[in-house]
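Pulled from TrEMBL:
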type: DOMAIN; residues: 1-375; note: domain 'Amino acid transporter transmembrane'
type: TRANSMEM; residues: 20-43; note: transmembrane segment
type: TRANSMEM; residues: 76-95; note: transmembrane segment
type: TRANSMEM; residues: 115-132; note: transmembrane segment
type: TRANSMEM; residues: 144-166; note: transmembrane segment
type: TRANSMEM; residues: 178-198; note: transmembrane segment
type: TRANSMEM; residues: 210-233; note: transmembrane segment
type: TRANSMEM; residues: 253-281; note: transmembrane segment
type: TRANSMEM; residues: 293-313; note: transmembrane segment
type: TRANSMEM; residues: 319-339; note: transmembrane segment
type: TRANSMEM; residues: 359-379; note: transmembrane segment
Amino acid sequence: FQGIFVLGLPYALLHSGYSGLFLIILAAALCCYTGKILIACLYEENEDGQLIKVRDTYEDIANACCKKLSPKLGGIFVNVTQVMELIMTCILYLVVSGNLLSHSFPYVPVTEKTWSVIAFVTLLPCVFIKTLKIVSKLSQLCSLVHFIIILVVMIYCLTQIHRWSWSKFRLSVEFEDFLVSVGVIIFSYTSQIFLPTLEGNMKNPGEFRCMLNWTHFFACVLKTTFALTAFLTWGEETKEVITDNLPSFLQTLVNLCLLTKALLSYPLPFFAATEIVYACISRGNHSNYRSPLLALGVRGSFLLLTLLMAMFIPHFALLMGLTGSVTGAAMTFLLPSLFHLKLKWKKLSFLEKCADITVFILGFLCSIAGIVCSIKGLLEVFG
């Protein structure tokens, strides 16, 4: 939850004012709720009223909901959506890495795209990742680097406490700026793609709901504290990525930490995307699924695809926003609430049905707003 998006939260507060603080809390509650209902769809009650796990993946849930229409239609849609979002996330990390390297070493006569290729070379060992345990260790290192970054920013902000003023907060906000803030805040919490795999790999899946509550609670506290502290320090001068506000002697250090974080973040979406493809291939031919050459081929192809897209697609950030508005909102809000209503309708209380419908409507509105803003941005860029 404490990803690179966190560094954009102070900027989100600049454009959303007091409502941004409320949004950080509301987004945590909504994403925690949709995570729980998504996992609830993996289970069904037996004759004795005990919960039995009958599904393992997001795809299984989608197939169960669409089985009357087409046995595999839901799974195909979910898999395509997941792979699209995961690949775009991987590409974003490569683009960010190239950008950070070019800013860290401005005197080196190398283009940003060349820096992206250099960053890509360090990611080549990803083709040998076979288990979630390796990914979890890399994610743990990623978290450590992230907290170093947050600590540096927070300590600097505390040294500037004499500059803090609540008068910097806006009471009224412009609608388009507010929509940008909503996107940044909501998508800093998204994790639904990974939750079925995570729950399936827990030693005690019964503790999943408790884990989700605590992680969202602490994420909310940390995000609010960080965003508030940074915004009170820089106010109207707050930049899109808060580390750009730091003095030059700290910027290089933090940029290198961010580069490390981006590279360590890459394996998780990469592993998840390749696992989805493996699962699809394995249905057709189980021997091929176990073939080391096929595994290396698929992973190598994914790696190369992310590099080529990072190198040759213009205005990638805007395209990422457009894709994220569709896939992110769908996987985080629309599908979990829709699937929960479909599979559990007869057992849900009136309030639970209202909650699911409300989440679906909010997700739909967020998606439409994000699509409109992204298309508007693309039209402005292309004249």
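Indices start at 1 and increase along the chain as displayed.
Glycine too: its Cβ is placed from the backbone N, Cα and C atoms.
Listed as Cβ neighbours of the transmembrane segment (210-233) (distance under 8 Å, sequence separation of 6 or more from its ends, same chain) are residues 1-2, 6, 9-10, 12-14, 20-21, 24-25, 28-29, 31-32, 35-36, 150, 153-154, 156-158, 160, 163-166, 168-169, 188-189, 202, 242, 245.
With respect to Cβ pairs under 8 Å, the transmembrane segment (115-132) is most closely packed against 293-313, considering the stretches 76-95, 144-166, 253-281, 293-313, 359-379. Remote same-chain partners of the transmembrane segment (76-95), defined as residues 6 or more beyond its termini with a Cβ less than 8 Å from a stretch Cβ, comprise 58-59, 61-62, 116, 119-120, 123, 193, 262-263, 265-266, 269-270, 272-273, 276-277, 280, 302, 305-307, 309-310, 313, 316-317, 319-320, 323-324, 327-328, 330-331, 335. When each of 20-43, 144-166, 178-198, 253-281 is scored by its Cβ pairs under 8 Å to the transmembrane segment (359-379), the top-ranked stretch turns out to be 178-198. When each of 20-43, 144-166, 253-281 is checked for Cβ pairs under 8 Å to the transmembrane segment (178-198), 20-43 comes out on top. Two recorded stretches are said to be in contact when at least 3 C-beta pairs lie under 8 angstroms, sequence spacing 6 or more; the transmembrane segment (144-166) and the transmembrane segment (253-281) meet this definition. Using a Cβ-Cβ cut-off under 8 Å and counting only residues 6 or more beyond its ends in the same chain, the transmembrane segment (20-43) has close neighbours at 9, 12-13, 51-56, 58, 60-61, 64, 181-182, 185-186, 188-192, 195-196, 199, 208-209, 212-213, 216-217, 219-220, 223-224, 227-228, 332-333, 336-337, 339-340, 343-344, 355-356, 359, 362.
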